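TrEMBL has this to say about the protein:
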type	residues	note
DOMAIN	3-76	domain 'Poly(A) RNA polymerase mitochondrial-like central palm'
DOMAIN	169-231	domain 'PAP-associated'
REGION	302-324	region 'Disordered'
Amino acid sequence: MITNRDIDQKSDAVVVLSSVMRTLKTTMLVVDQQLIPAKVPILRIKCGGAFSDIIVDLNVNNSVAIRNTHLLCYYSAFDWRVRLIVMVVKEWAKRRNINNASQSSFTSYSLVLMVIHYLQCGANPPVLPSLQMLYPKRFSEKIDVRLLNVSQPLDPLPSQVWNFDQRLSLGELLLGFLHYYAYEFNFETDAISIRMGRKMDRAQAMQNQSPFNTLSQWHCICIEEPFTLSNAAHSIYDERIFQEIKKTFADSYHDLDKHRDLDRFLSELPLQIPTIPVNSSSPPLLNGNNNGGCEPIITTKTETTTEIENNSSDNKLQRGELSP
């Protein structure tokens with residue numbers, strides 16, 4: 001944040017990012033940069049050397065991205081299983097070719113919201129509460145984003161307000177996540193709301209009063225952005241691809257349930273995305289980043305399976321422990 005006031009994203013933000021781009025050209029750490037003139041302009045920075053797996057998306061004065069990054073940070077720290085489940089789901093979606101907003105599939109952010117929602121009300125017992133409901137002052141949209149501090153512990157402590165029950169293993173949660181969206185969640189009538197910590201009526205979500213919310217963005221999947229109340233999954237607009245995505249959830253569930261093999265699960269063939277006509281009535285996308293600026297600030301691309309295998313203390317996703 002360079003100011004607490006709104007700036008013109010089409011002009012002022014581009015000027016600032018162009019200046020940053022010129023400065024970063026002088027450092028050997030950065031090997032590639034791309035200025036993406038989306039609704040909220042993005043400077044995509046690719047690092048080299050020891051940081052070659054890291055890609056940073058930088059924007060200017062995007063308070064929503066700061067707020068949801070702050071919120072997701074606390075969700076990931078709330079229960080040790082959250083981060084690992086998110087990692088595996090994102091890796092699975094990337095390998096199955098359903099993590100590309102420019103091809104009418106998921107953004108990484110929408111996948112994270114789906115995982116959190118499942119852990120709130122799809123898992124039994126629930127793994128997560130709604131932090132916005134439990135700590136309304138801490139996660140209020142009225143707080144100056146420059147005052148947000150992820151090192152500040154929640155008050156009262158989570159152990160004082162939440163009944164932690166960790167009987168469900170990572171394998172059970174992964175299977176449950178796939179089953180929930182393949183067979184339990186009704187995409188035609190329901191919307192995801194981690195803000196409320198529950199499913200909400202799709203029609204109600206569409207009518208949310210917000211300057212960021214328009215009826216045209218509510219397509220196949222409805223995921224309420226927890227601060228703007230817009231649809232975080234508006235990139236999924238093609239009905240044919242949506243049906244293939246739902247089939248992918250079901251197929252992956254049955255394969256994992258039958259074989260209990262994480263390597264096999266992450267090695268399934270990618271979804272063949274149907275060609276989207278040029279004259280499609282889809283919302284405009286540019287390199288998958290025209291998301292209204294709701295994506296968390298930093299995106300990292302790492303080899304998920306390697307990180308899980310190296311984390312011996314949390315290594316419950318090995319194929320021998322996928323059985324409930």
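Here the Cβ of each residue, glycine as well, is placed from N, Cα and C on the backbone.
Looking just at the domain 'Poly(A) RNA polymerase mitochondrial-like central palm' (3-76), the mean pLDDT is 90. DSSP states for the domain 'PAP-associated' (169-231), grouped as helix (H, G, I), strand (E, B) and coil, give 23 helix, 11 strand, 29 coil. Break the domain 'Poly(A) RNA polymerase mitochondrial-like central palm' (3-76) down by DSSP state and the numbers are 30 helix, 18 strand, 26 coil.
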